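This report concerns only the one structure given below.
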Amino acid sequence: MKVYEGNLVSKNIKIGIVAARFNEFIVSKLLGGALDALKRHDVADDDVEIAWVPGAFEIPLIAEKMAESKKYDAVICLGAVIRGSTSHYDYVCNEVTKGIATVSLKSGIPVMFGVLTTDNLEQAIERAGSKVGNKGFDAAVGAIEMVNVIRQLGN
């Protein structure tokens, strides 16, 4: 039986990051976590490029452009959607989630979901480096692992 399991070797990995400016107080912490993870796993600064977009809804388009460019082995998507008093939250969460998944499936490269979808600011803060860790860090580590699984599969 052959088992494919990702490792955290980051040799020659190029990473694109899409970060939403809306809720930048939270997203900047997610980005800091992602960059910390990449640095800890020896991804060179020159191998990371960041594109800022207005909000979470715009993430999938730029993730798709990055994936189509063939410059990156993985794309990390970072944002924070915090529930308000209208149904807008539900629409944004659904479309961002579907959009990011679609880009990954269409492009064949890992497009990591580091978009927080929380009921309140406290939950977002907890997931951006407080009690529950940093989901940006987790997305970056996941990106490295996924790149290595794909390399093992020979695709």
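Glycine is treated like the rest: Cβ placed from N, Cα and C.
Residues or ranges marked as 5-amino-6-(D-ribitylamino)uracil binding site in Swiss-Prot: F22, A56, F57, E58, A80, V81, I82, F113. Taken from Swiss-Prot, the feature (2S)-2-hydroxy-3-oxobutyl phosphate binding site applies to S85, T86, R127. Swiss-Prot lists H88 with the feature active site, proton donor.
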To the nearest Å, how far is the Cα of F113 (5-amino-6-(D-ribitylamino)uracil binding site) from the Cα of R127 ((2S)-2-hydroxy-3-oxobutyl phosphate binding site)?
13
Residues that sit under 8 angstroms from A80 (5-amino-6-(D-ribitylamino)uracil binding site) by C-beta distance, when 6+ apart in the chain:
A20, F22, N23, I26, V27, L30, A56, V115, L116, T118, A124, A128
Within 10 Å of each Cβ, count the other Cβ atoms, then let me know which of the recorded positions H88, R127 comes out lowest.
H88
Which one, from the binding-site residues A56, V81, has the smallest tally of other C-beta atoms lying within 10 Å of its C-beta?
V81
Grab the 5-amino-6-(D-ribitylamino)uracil binding residues from the record (F22, A56, F57, E58, A80, V81, I82, F113) and give me their largest CA-CA distance in Å.
16
Could you tally the C-beta atoms, other than its own, that fall within 10 angstroms of the C-beta of E58 (5-amino-6-(D-ribitylamino)uracil binding site)?
19
